[in-house]
Amino acid sequence: MFTQHHAQFPNVSAAIAAFQAGRPVLLLDDDDREDEADIIAAAENITLQTMAMMIRDCSGIVCLCLDEATVDELQLAPMVQNNQARHGTGFTVTIEAAEGITTGVSAQDRITTIDAALRSSAEQRHIVSPGHVFPLRARNGGVLTRRGHTEGSVDLARLAGLRPAAVLCELMNPDGSMARGEQVAVYARQYNLPVLTIEELARYREAMLEREAEPA
């Protein structure tokens, strides 16, 4: 899907292939925004190894990015009624799998919770609140509406032909500071991770829209 654009956008192509193969990607936002890198992965095929990497090398705040329709169907209320976060990140109430977990904190338990959320519907919920996974509401329109890691992760899942759901966690240095610049590049080389910027993803999507608008 969308392979006609891949040659022009090699980083997007590599990220899509990684998502399809169940491998993580490093997604960077704009320098004048958060200026941070998140490890992201498709929710439906995230591996135990990737989840352990997120818990070990990232902030520990494992987030499940979902499209607006899914958040509404699962009736996930906003974490607060008056969101005053600087970038308006769409946190909802936290979640946990209703069954099949122990403390909810381990890598396996968090994957179980994510799987339970993806299996849930308005009629049959397999999750409870509160919990140790933080759902995020991705705005309709993706990175063309909001240039956030939440939207970028869901956009990439869609482009990979997967469910519009992704997992992310902010990459950190061993000393507890945020990883940036060369620190991100070193980490990417160490683990052979594709690196993608939200700017590249936005340009890719804009090019798709332009091509779709061309007369047949």
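Glycine residues also receive a Cβ, built from the backbone N, Cα and C atoms like all the rest.
Feature annotation from Swiss-Prot assigns D-ribulose 5-phosphate binding site to ARG33, GLU34, ASP38, ARG146, ARG147, GLY148, HIS149, THR150, GLU170; the stated evidence is sequence analysis. For GLU34, HIS149, the entry in Swiss-Prot reads Mg(2+) 2 binding site, with the evidence type sequence analysis. Swiss-Prot lists GLU34 with the feature Mg(2+) 1 binding site. According to Swiss-Prot, the feature site 'Essential for catalytic activity' maps to HIS132, GLU170.
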Quiz item: Here are the binding-site residues: ASP38, GLU170. Which has the lowest count of other Cβ atoms within 10 Å?
Solution: GLU170
Quiz prompt | Cα separation, HIS132 (site 'Essential for catalytic activity') to GLU170 (D-ribulose 5-phosphate binding site) (Å, whole number) | solution = 16
Quiz prompt | Collapsed DSSP category at ARG147 (D-ribulose 5-phosphate binding site) | solution = coil
Self-check item: HIS132, ARG147, HIS149 as recorded positions, winner by CB count within 10 A
Solution: HIS149
Exercise. Write down the Cα-Cα distance for HIS132 (site 'Essential for catalytic activity') and ARG147 (D-ribulose 5-phosphate binding site), rounded and given in Å.
Key: 25
Quiz prompt | Inter-residue Cα distance where the pair is ASP38 (D-ribulose 5-phosphate binding site) and HIS132 (site 'Essential for catalytic activity'), in Å | solution = 18
